[in-house]
Each structure stands twice: as structure tokens, then as C-alpha cells.
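**Student:** Before I ask anything, let me first share the structure, which is written out below as C-alpha cells.
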């Protein structure tokens, strides 16, 4: 029994001894494995120079720096991408569109002539040099960022004078009208043989031409056809427009003074004429007794017309018959436009009363002087389907000379500041169903005209006046959304007298540096301006056709003043200012006088100012 127990105990001791050594072995193996792993990790870390926990703190910073470098690189490439996109998606299609537009205009012109061949309307439509394709009647400067007045006119450039001048001391050329389409330009002025005040008889010069580029790259206007209408008809206040059939012209036939015409009981005779591409001129009297049955006096606006939707649109103004339907429709209507940062101090009720009275000046016997627009269908038949639009006087001021312009897809009506408001006005115009609608105008506070007191250049309150002078602005600078930003023009920089013509670029409140025609005592009158681009060189030019006096031959000489539009890249911030203020450091660009300087003697200047203020 004892022996058996001993045997069992011995076996148990042996089993326990085996288990103990097995455990020791396992622990030793485990420790060895851990030590091996630790040594391996240390060796690996040492060989790869791995970061310690303190080193890992800088990883986010390093990532941020790398991100900035990548972003910067992408940003620099974005400029290239943007330029490529602009060229491919914007500029190239626009250039193609401009080319297509010019081709279509030429085709349209030819189709008009082909359709009218049986009526001897002529053939062989002219067209400007290819350098001008896409540069006429377009938005020439599209810039959202630059200050408008950082664009400014160069000194006047010598070019071919396409306008005939008087040849005797008593001769007079006055009232220029100009319009240019994508294919040709049209120009007209009045010629009086015995002084500018004669209303009994005159000639009318009418010309058709194209823009050319000389071998040396200079711009010049080439007259292809011209005619001097020297007959028994006394055409006055003519407006001209370039249409697909040639040069359409609207004139009044006058045999009495303007005051006598307003006191008459019947409308003024009017004629629609055309100088065709074959050099032949034809005209037709309009039925004014029906078209202007509510009018006692009616005149074209002098400024150019515009070809829109197969019709030619002319500015018109004149006097309404008292108590006629057109006169009654305007009763009590008025509008007051205000100067920039220069409020009229008069009581509001008094301003309203004076604004209403401004439409019926005493000079014309208290007749309502009304603005209007006449559209005529362009066909081989003259005077076809005329339609008269009379805009409400809640938009327009007292009727006055004007101009209809088309730039890009936008249409405008310029209205001369014959009433109390001195700054230049451009009314946006939309057309539909043969009629026009005018909208609240763009105003250019530094683009003023001289006028008699109380409607001088600095006037700020409504008053009854018939004053001012025709000096139209041309839309030049646009936002990318086609909103007008700035205009070019030649103004008479004097408060009361028609003196000191200067050219400049204008925004709504200020003007650029100026280019002066001559001395401040130089007498001048009407100016009309048109801008275009030589696409080949990407240079923008503006033409101001101006009536300038102080010459040996004739009381007035009509001169085409040509400038290039330059840019002062150092000017970035727009500044408001009165018309007499210029930017610090700027100097007027005064070219060598192209006419004789007047002696600036006190008595001479007094006589000159009185003489200059006497013109209509």
C-alpha cells in the first residue's frame, strides 16, 4: 500500500518538475522574442532616421507649407488658363461675330441695291478698309476696373480734311451732321453765301465716303460721292444717316425765321432725301399736314440719325399747337434733373413751377417746345411709312436739337442743353413696332455747355431758357454688362460765351486731361463726335467735327479734329470734381494753334463774347 502511494507521489513530483521547466522555457523564449523585437525596432529606427514623437509635431506645419506652394503654383497657372479661356471663349468668337456683322451689313446693303436695281438705285456698295472691320459702331473700350478719366485724347492729328471750307470772307458753312455705319460714312452741312444769319437761301453739301488707311498707317476719310444741292429749295437743320442704300437725309424747308415759324399755324415743310451709291440724289416731300398735324414748327435735330430694324431714325423737335391732342397729352408733365453734389436751393414747389414753365419759353410765343423721334422705312421709295414718336415730358426736357446713336446693341438719344440743364444728356432708347421709348438719361456733369444767365454752364435750378449749343457726346467706355461708363466729346469750356473748345473723356462727374484746340478766346459753336477703332493696330480714334471761327475765309470753318485715345496707367482712383478741376500734376495738352490766336485784350474779348453768344 505504502509502496503504491510512494510510486504515485514520485510520478507527481516528476510531472510538476516537467511543468516548471516548461514554464521557464516559455518565459525565456518570450523574453528573448521581446528583446529581439526591441533590438530590431531600434536598429530599424536608427537605420531609417525615423522621427521621434517630438519630431511629429512639425508635420502639420510642413503639410501647410506644401499646400501653400501647390496653391501658389496653381494660382500662377490660373492666369494662363484665364487668358486662354478669354481668348478662346470670348475674344475669338467676338472677333468672328464682328467680322460676320460687317459681312452681313455689306450683304444687306448689296441686297437692297439688287432689289432696287430696276428703279435705278445704283450698285457697287462701298466699304471701309479691312483694318476697320469690327471697329465701327461697337463698344470700343470695355473696362470694369480702370478709372474712365484715365483715358484721354492725344494732341490733334494731321489727316486729310474731307470737309469743304468757305472760299470768301462772307461765305459761311455751318450745322455739320455726321453718321458712320459698318460700311460707309455720311456727312452734310449748310452753305450760306452772304453771312451765317441769312435764312432766305442756302445750299446743302452732302457727301458719302469710307475710311481708308494710308501706306504709312494713317487714318483718312475718303469721299467717294458728293453733291451740292444748289437749287431754289432752302433746306435747313438737316440730319444725315448712313443706311444700306446710301446717305439718307431729313431736312426742313424754311422761308422764315424760327420765331416767325413758331407763330405760324401750319407745320414746317420737310423732305426725305438720299444720296445713292451711284452718286445720284433724290428726295421726296413728307406729308407734314398729317404727320405733324399737331405742330406749328418742326425741325430735324441736326445730329446724325441711325439705321435700326430696317428703318432710319431721326431726332426731331419743334412747337406744338396749343390745345392740340399732342399738347394736351403733355400738360402738367415735367422732369427735373439735378447737378452732381450741387443742389438747387429753391423751394420744391417753386422748382416744379419753373420746370413746367421751361417747356413754354417766351421766345417762341409760349408754344410748348417738344422732343420727338421720326422713323422712316428704308426702301427704294423715299418717305415710306413715316412714324412719329412723341416721348413724355416726364423723361425729356424741353425739345431741342439732338442725335440718335447706335453703339453695339444699345441705342441713345442725345438732347442739346437748350433748357436750364447744362450737362450733356444721353437717353437710352429702345425701339419696337416702329416707335421709340426713351428712358432716364445718363448725365455727364463736367461736360457742360455755355449759356445765358440764369442757364449758364454752372446753373443748377430749373428756369425757362432757350440757350446752349449743340455738342454731342459719343459713348466710349462700357462695363462688361454693356452699361455705359464714359463718353468722348468736344465741349465749349466757358460759362456763358461760345468760346474755348476742348476735347476730353468724361465720366458721370468729372473729365480727363484735355486737348485744347487753341487759346481760351477761340470762338466756336457746334461739335459732333464719333469714335472708331483700327482693329489691326487696336488703336481707338475719335473724330470731332467742330465749327471754329477766327479765320480769314468765312465766319465759321468746319474742321474735322482727329485724336487717338490714350491711357494713363498711373491713374487708378476715380475722382469727382467740377469741370474746372483737373488732377494734381496734370497739364492740358495744348497743341500749336491751328488758327490765328485772338488778342486777349479786354475790349476785344468783350466784343468776341457778345458776338459768340448771339448765334442760334
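Quick reminder: no glycine exception, Cβ is built from N, Cα and C everywhere.
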**Student:** Could you check which of 6-26, 27-47 is flagged in Swiss-Prot as transmembrane segment?
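**Tutor:** Feature transmembrane segment in Swiss-Prot: residues 27-47.
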**Student:** Given 124-152, 153-181, 182-210, which one carries Swiss-Prot's region 'Important for interaction with fusion/F protein' label?
**Tutor:** 124-152
**Student:** Consider the recorded positions 186, 341, 538 and say which one has the Cα lying nearest the Cα of residue 461 (disulfide bond).
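**Tutor:** The smallest Cα gap between residue 461 (disulfide bond) and any of the recorded positions is with 341.
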**Student:** Give me the CA-CA distance between residue 247 (disulfide bond) and residue 538 (N-linked glycosylation site), in Å, as a whole number.
**Tutor:** 28
**Student:** Can you grab the distance from residue 433 (N-linked glycosylation site) over to residue 251 (disulfide bond)? Cα atoms, rounded to a whole Å.
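**Tutor:** Cα of residue 433 (N-linked glycosylation site) to Cα of residue 251 (disulfide bond) measures 24 Å after rounding.
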**Student:** Taking DSSP states H, G and I as helix and E and B as strand, how many residues of the region 'Important for interaction with fusion/F protein' (124-152) are helix, strand and coil?
**Tutor:** 6 helix, 5 strand, 18 coil
**Student:** Using Cα coordinates, what distance in whole Å links residue 344 (disulfide bond) and residue 455 (disulfide bond)?
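**Tutor:** Given the Cα positions, residue 344 (disulfide bond) is 13 Å from residue 455 (disulfide bond).
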**Student:** Using C-alpha atoms, which one of the recorded positions 251, 455, 481, 538, 542 comes nearest to residue 196 (disulfide bond)?
**Tutor:** 251
**Student:** Could you tell me which of these disulfide-bonded residues, 196, 251, 455, 531, 542, has the fewest other Cβ atoms within 10 Å of its Cβ?
**Tutor:** 196
**Student:** Could you tell me how many residues in the region 'Involved in neuraminidase activity' (234-239) are helical, how many are strand and how many are coil under DSSP?
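**Tutor:** For that range the per-state counts are 0 helix, 5 strand, 1 coil.
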